[in-house]
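These features come from TrEMBL:
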- SER176: active site, nucleophile (ACT_SITE)
- ASP317: active site (ACT_SITE)
- HIS351: active site (ACT_SITE)
- 85-344: domain 'AB hydrolase-1' (DOMAIN)
- 1-44: signal peptide (SIGNAL)
Amino acid sequence: MRTNGAGMMFSTIRTRALRAGAAMLFATVLAAIASLCASPAVLAADYPAPKEGTFVARNFRFHTGDVLPELKVGYVTIGDPSGEPVLILHGTTASSASMLTPEFAGALFGPDQPLDARRYFIIIPDSIGVGRSSKPSDGLKGTFPRYNYADMVDAQYRLVTEGLGLRHLRLVLGYSMGGMHAWLWGTQHPDFTDAIVPMAAQPAPMSGRNWMMRRMVIDAVRNDPAWNNGNYTEQPQAFRIANVFFGIATTGGTLALQAAGPDRTAADKVVDSRLAALTKMDANDYLYQWDASADYDPSADLGRISAPVLAISSADDERNPPETGIMEAGLKRVPQARLVLIPTSPATRGHGTTVIARLWSDDLRAFLASVPKRPQ
C-alpha cells in the first residue's frame, strides 16, 4: 500500500494470478470450457429469478428544461426487498439484461458469492434510452428530449427513492457508462450509498480515443443520406457499420480479438456476426446514448464523495488506457479510494474485461467487508 499527501490509500496494482504463460493459457481454456458448458439458465438457477418492473417518473425534467409527462424506467430485481440494496448499472446501448450473464451475475449473485441474493436486494435498471425505459424509438424519434448522464442518474435516483421506497443503498456498482454513472452518484448523492465501485470508467471528462471514436460514430450516422434529422423511414446503413467499427476499435482486447480472428476468414466472420446482431437496433436510440456522454465531467466534485470507492480497471482497456495517468490523478482527489488494475492476459477483453466478474470478485468481497454501514 502507498499513501499520498491527502492520506488516500491506493491498493497495490494487482499482478496476482496468471503469472506463468502456461498457467494463463490453462486457466483460460478451463474458463472457456466452463462458459460453453454452463448455460445462462443453469447458472441463473443458482440465484432467485429476476423480477421485471416498470416505474413511471411523472413530469420528468431533463437538463435541457424539456419535460416528459411520463418517463418509463424499466428494471429488474433479484432477491428479497428486505435485503441490503445494491444498484447495478450497465454500459452504453446495453440494458439490464447485459448484467445477467453467466460471467457477471453467475459469479456474483449466487450462494456465498460477493453479492449473494439471499443477503442483498439487487436492482438493475434500464437507463433512459434503452430496454424497457423510454427512448426515441418509442415514437418521438428525433424530437425525444436530449438527455445526458446526469439525467440518467436522476431517473435512477427517482426509481430507487420513489419507485422502490429506499432511503439508502449499500453499494452502487457500474460498468463503463454505468461506472461513470457510479461516479456521478458519488458526487450528486454523496450520503446515499455506503460504497461505490466504478468499473472501466474514469472520473474525468471524455477525451482521447474514447471521445474521438464516439464523435466518429455520431458524425457517420448524421451524415448518412437516410438520416433525415432522425426522422428516417429506414435505418441508416452507416449506423450498423459505425457501431461495429467502434466496438472492435475500443473493446475486446488485442489478444482476444486475435484469437477470435486468427486469419482473414475468421476475422470476417466476427465482423459479419456483429453486423447481423444490430439489425433490430435503432439509430436514434444508439446516437442519443453515445451523445449523452458529451458533457460528462465529475472531476470538479470528486472531493464531495464521502463513500469509499473501489475503482476497477484493466491494463488493456482501449477506452481508458492506464498509461495516461488520468485515473490515478482523479483518485487522488477522492477522500477514500483504491484502484484494482487487472493485468492483461489471454482471459482479458480490453474494455470488456470487467464484466468478467471472477477476475475481481475477491476484491469486491474484501472491499465490502471493510466498508462500515452508515446510519440511515
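Please read every residue number as a count from 1 along the shown chain.
In case you wondered, yes, glycine gets a Cβ from its N, Cα and C as well.
Taking the features listed in TrEMBL, we show where each one sits on the structure.
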residue : record                   : DSSP class
SER176  : active site, nucleophile : coil
ASP317  : active site              : coil
HIS351  : active site              : helix
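Geometry remark: SER176 (active site, nucleophile) versus HIS351 (active site), CA distance 8 Å. A simple Cβ count within 10 Å picks out one of the active-site residues SER176, ASP317, HIS351 as the most packed, and that one is ASP317.
Straight-line distance linking the Cα atoms of ASP317 (active site) and HIS351 (active site), rounded to a whole number, equals 4 Å.
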